[in-house]
């Protein structure tokens, strides 16, 4: 048997195991339905801010009579209005009545079908006041320059006592939230499936037949890769739909710079975090012989995933705090915390790099520990094994 | 030729195997017999590489058995297992592929086995939806799908219905006829006697008897049984130690030709043969010795 052939058969074994996971789990009705539902939810979430932001179309306003020109200047300066000038108040009134314009302002009256939205009403009021003041001042004999000077007012400057580098954008917060939820879900689900799959093979003793033609690392690795591919397809579909919907509704340009790249890079963070949690789940799953016991060995993993998620949520409220910086660098929490933080704030490149390297190192450690645990305990049946006991055993 | 050489295995303070050796030549069917806990399963698991021996080795065709060769073996573990949520034909084919077949070969082989096992109409069903007996047949198909070079089967007949027993028996003989060494364990000694070329008896981790079926029987030969069609009582006239078993005479420690001459003179001899022990008797004899 040449090295090349055995290399091929090694890879083939790995791929066969992965392929089985993908066929049996990935193409199951349950997974396909849940993927469609999740993608639709992400699509709706991505479109939500633009719905909440309301109708962005300009308000159609008709103007006529005295002060119409001055008012047009005011409304244009405010923005968001599509102004039509009419020759007479009667024409403007008719346009409002026919619905050609939302409202018409003529000779001190506002005409509208059913009254106006209070925001629009306020804007029209202040435009009317400003225009009237301008007209009055002109009538009083001031020059245009004097009027302009008198009307120039500095807007109030806002000073807050909180962390003002925090989110100034509700959409950034929202994106961070969605990323942390998706990361959490996309780690939690496959991690549990891996542990369940390992226990299933162990409790049904099928592992005994499998291991006559496969090495333990092929069996564990194939399972992790298979579930990884299923989850990756889900994740890529979510990110693509999310970004696609956001760009179609014009939201993407309103998001903080780097949001789109944060969303895309979260796939990379997910890959490393998944390698970490997935192999550990396989390793600890092999310690037990019955499905009922898998919960107890998975608890530490599920706890640290949940803590990562809660930390990321907390981080959204203070993205530049020391807590946020530490959480997004220390593995395994950084797997969820870093892409969340990147969505909401500027993160220095060195922190991203350090976090990535640390997470990758932790994943490599998890890979070694998980596969050792698996190799040593997968054929052992009986009561639950302790980790130390598994590591003491000869493989 | 598959040789298991001088295996030793301890589980804690328990000695499971204490120098177990056995061999199956090409085309030979070896029955592996022993009481529960005697070491059959441990021996077979070590042979299949799912358990490590403390010492001893497995030799296949003159060289230590490697992973690649073992992939071409067929194995049925004592505790059966299948993926419950995988379709029958898909599952059998999957194992074929794991054993190195191409997808097309594996599918064709799975279909042929399902046909042979009368399971073709269940090919698309999940294994968990099959009856226990049918799951056993699928298990059998899994161990045969890749046309194995060697068969190591732990209790292959347990839980099988008579039809499946026939299919299994035929499969074993067919594999042997094609040149494969076959080792299987069973408590059904009549099956062992019918199917095996040789028998290995294990007790408390040691091989206590082994040989071809004829050799074992010859070792355990008992009395000469003679049945004569006559009203005369021959007890006093026959040489050696004579006892009666119903109408038959059981004769020991004498010249059988002399017995035959006297019996033939007395009447028509309807039976004249040495009693042959069954494998079951040999087994009982061996383990109680």
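Heads up, the Cβ atoms here are built off N, Cα and C, so glycines get one too.
Note that the coordinates shown come from a computational prediction; the quantities given were computed from them, not determined experimentally.
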Looking at A:7-29, A:30-52, which stretch does TrEMBL describe as transmembrane segment? A:30-52
Can you identify, from A:200-223, A:224-247, the stretch that TrEMBL calls transmembrane segment? A:224-247
With CB pairs under 8 Å as the measure, which of the listed stretches A:173-195, A:224-247, A:267-288, A:350-369 comes out on top against the transmembrane segment (A:309-330)? A:173-195
Hey, which of A:30-52, A:173-195, A:267-288, A:350-369 has the most Cβ-Cβ pairs under 8 Å against the transmembrane segment (A:224-247)? A:30-52
Report, as numbers and ranges, every residue of the chain located at least six residues beyond the transmembrane segment (A:267-288) whose Cβ falls under 8 Å of a Cβ in that stretch; write 'none' if there are none. 183, 186-187, 190-192, 194-199, 202, 220, 223-224, 227-228, 231-232, 235-236, 239, 294, 296-298, 300-301, 305, 331-332, 334-336, 338-339, 356, 359-360, 362-363, 366-367, 369-374, 377-378, 384-387, 390
